[in-house]
Amino acid sequence: MAAKKLLILPGDGIGVEVMTQVRRIIDWMAKKRKIEFDISEGLLGGAAYDVHGTPYPTQTLEAALAADAVLLGAVGGPKWDDLPFDKKPERGLLGIRKDMGLFANLRPATVLDALADASTLKHDVVAGLDIMILRELTGGLYFGEPRGIETLADGSRKGFNTLVYTTPEIVRIGRVAFELARKRNKKLCSVDKANVLECTVLWREEMIKLQKEEFPDVELTHMYVDNAAMQLVRNPKQFDVMVTENMFGDILSDCAAMLTGSLGMLPSASLGAADAEGRRKALYEPVHGSAPDIAGKDMANPLATILSFAMCLRYSFNMDAEAEMIETAVKTVLKGGLRTADIMQAGKAKVSTTVMGEAVVRELDKIS
Ligand code: NAI
Ligand code: MG
């Protein structure tokens, strides 16, 4: 089999530090599991601006399009705050997501036993939580036309955005959702606002059609987005996979993220269209940013990025066993009492980014 082409973009701030730890895991996989990776590293964000005068160099885009998967740290920081909008590090991130056509954003919200008390919700409500929110990422209200602010004849002003989805856009995100559900517990909840928004009436109709025609083995339910927000906080464990429109997903996935209580633990994946062999363009990154307040201090939690690499193994390379090895190693390290500062609890041992990364590798050694 051909080597797995991995592009690594550490980015800025703690992105660089957490990626150093991921490199240890990748090296371990290459050595101990005999997985052949073809790894290259590139610049994105402020780091790219400092070298090339642009946050999004052409060679980074070309490398991303040629890769089987891209692994990203985080971008941004105060050093680049005064740059014009098109030079800001965040433009690099938006650019690469757009040019790779990443329309499906996977945001798992998982509560590991060792951290079940980190949530602001009651232990019983969140303990054992393991849900996946799939957000449509390139359409919907954030991209719909027409949009803008206009001055009306009477001098008052009008601001407007448009919620638009075409059937191909709904079907392609729907397929990713059903495939995910099929790989997990065969339960999909489609979230819409079909009682008020025509666009989401179409969304619901297409989901129903897709279920009938291609995924009869997956149970499909529907929920209005306002109720979904309530249910996520009241009883999140009723869900398994949820799929929804761009803005709804932005809000619901952040809400679900906080059920877990720790930004430093949250991975994500963004997928694009499938090629003839069924392979999708893919980018994996932690949910958190570059954390300038702790950058360079060896304090950042590397687990979100390590778990993003586990998602990469699962969704880009179909290596479920290896993904699970990483997830198990992370759980065991936490159970053993090691904590970075962001997830510190009374009675636990506070460790650095480096020590946390090393501990995960040691666990991998034990379970392999
Ligand atoms: P942030 O996620 O960088 O930090 C928020 C808070 O969480 C900070 O107190 C930080 O120290 C803490 N934190 C975040 N990740 C952590 C980790 N792994 N371990 C321990 N603590 C962690 O968000 P913020 O402060 O809003 O943005 C900082 C910069 O990052 C900005 O330039 C922003 O534009 C950028 N950003 C980039 C993102 C990306 O690259 N995907 C996403 C969000 C923000
Ligand atoms: Mg958000």
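Glycine is treated like the rest: Cβ placed from N, Cα and C.
According to TrEMBL, the feature domain 'Isopropylmalate dehydrogenase-like' maps to 5-360. According to TrEMBL, the NAD(+) binding site annotation covers 77-90, 289-301. Residues or ranges marked as substrate binding site in TrEMBL: Arg97, Arg107, Arg135, Asp226. Residues annotated as site 'Important for catalysis' in TrEMBL: Tyr142, Lys193. TrEMBL lists Asp226, Asp250, Asp254 with the feature Mg(2+) binding site.
What TrEMBL annotates, mapped onto the structure for a quick look.
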| residue | record | DSSP class |
| --- | --- | --- |
| Gly77 | NAD(+) binding site | coil |
| Phe85 | NAD(+) binding site | helix |
| Arg97 | substrate binding site | helix |
| Lys193 | site 'Important for catalysis' | coil |
| Asp226 | substrate binding site | helix |
| Asp250 | Mg(2+) binding site | helix |
| Ala291 | NAD(+) binding site | coil |
| Met299 | NAD(+) binding site | coil |
* In angstrom units, rounded to an integer, how far apart are the Cα atoms of Ala295 (NAD(+) binding site) and Lys193 (site 'Important for catalysis')? -> 41
* Asked: With respect to ligand 1, which members of the binding-site residues Asp250, Asp254, Ala291, Ala295 satisfy a Cβ distance under 6 angstroms to one of its atoms?
  -> Ala291
* Asked: At the Cα level, what's the spacing in Å between Asp226 (substrate binding site) and Pro89 (NAD(+) binding site), rounded?
  -> 34
* To do: Please report the DSSP secondary structure of Arg135 (substrate binding site), reduced to three states.
  => strand
* To do: State the Cα to Cα distance, in Å, between Arg135 (substrate binding site) and Phe85 (NAD(+) binding site), rounded to an integer.
  => 26
* Asked: Just counting, how many other CB atoms are there within 10 A of the CB of Ala295 (NAD(+) binding site)?
  -> 19
* Structure fact -> Sequence-ordered list of residues in the chain of Arg97 (substrate binding site) that lie 6 or more positions away and have a Cβ within less than 8 Å of its Cβ, or none, is Leu137, Thr138, Ser270, Leu283
* In sequence order, those recorded positions of Pro89, Arg97, Arg107, Lys193, Asp250, Asp254 whose CB lies under 6 Å from ligand 2 -> Asp250, Asp254
* How many Å separate the Cα atoms of Met299 (NAD(+) binding site) and Asp254 (Mg(2+) binding site)? -> 23
